[in-house]
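K.L.:
Quick one: the structure is below, and I'll ask about it shortly.
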Amino acid sequence: MTQTIAIDVRILPHGAGLPLPAYQTAHAAGMDLLAAVAPDAPVVLAPGSHAMVPTGLSIALPDGFEAQVRPRSGLAARHGVTVLNSPGTIDADYRGEVCVLLINHGKEPFTIQRGERIAQMVIASVVRAELAITTTLSETARGSGGFGSTGR
């Protein structure tokens with residue numbers, strides 16, 4: 001069963017008039033984030049370039065939760081545009097604007113218009129770890145095998 005939590009959202013002046021992030025299907029894990037760029041000033045991402053794109057909102061996550069900013073698969077597949085620091089993490093104590101760091105890995109310039117769906121935001125529970133220093137670790141079949149060690 002899906003858990004639902006309440007999140008306070010503040011709409012910033014440049015986000016006025018844009019819809020709130022929304023889930024596009026009944027079982028979607030992420031809600032789409034929209035670009036809050038000025039209508040007369042779209043952001044053009046040249047191939048190989050990146051830009052911080054505003055969403056026009058800030059959020060107050062409940063303690064024990066984070067928001068992950070992830071790429072939209074369609075933008076990546078069709079245009080090579082993705083979230084550079086994927087997943088971007090928004091901590092529960094952050095109150096600044098939610099922004100999306102996009103990069104264009106494609107071969108053509110990509111224009112981001114106001115209201116365009118640019119990323120998705122997934123709300124997740126946070127588990128904190130307590131680290132314990134030791135001189136040995138338990139044995140596993142994999143051992144210290146790293147990159148590529150489990151085959152192709």
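Yeah, the Cβs are placed from backbone N, Cα and C, and that goes for glycine too.
Since the structure is predicted, the reported quantities are computational estimates derived from the model, not experimental observations.
Pasting the feature list from Swiss-Prot:
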BINDING   Arg72, Ser73, Gly74, Asn85, Thr89, Ile90, Asp91  substrate binding site
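So that I understand the layout, could you describe where these features sit and how close they are to other parts?
P.N.:
Annotation for Asn85 (substrate binding site): spatial neighbours Leu101, criterion Cβ-Cβ under 8 Å with sequence separation of six or more.
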K.L.:
What count of other C-beta atoms do you get within 10 angstroms of the C-beta of Gly74 (substrate binding site), across all chains shown?
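P.N.:
I get 10 for this one.
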K.L.:
For Ile90 (substrate binding site), what is the tally of other C-beta atoms lying within 10 angstroms of its C-beta?
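P.N.:
By my count, 20.
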K.L.:
If you draw a 10 Å sphere around the Cβ of Asp91 (substrate binding site), how many other Cβ atoms fall inside it, taking every protein chain shown into account?
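P.N.:
11, counting other Cβ atoms within 10 Å of Asp91 (substrate binding site).
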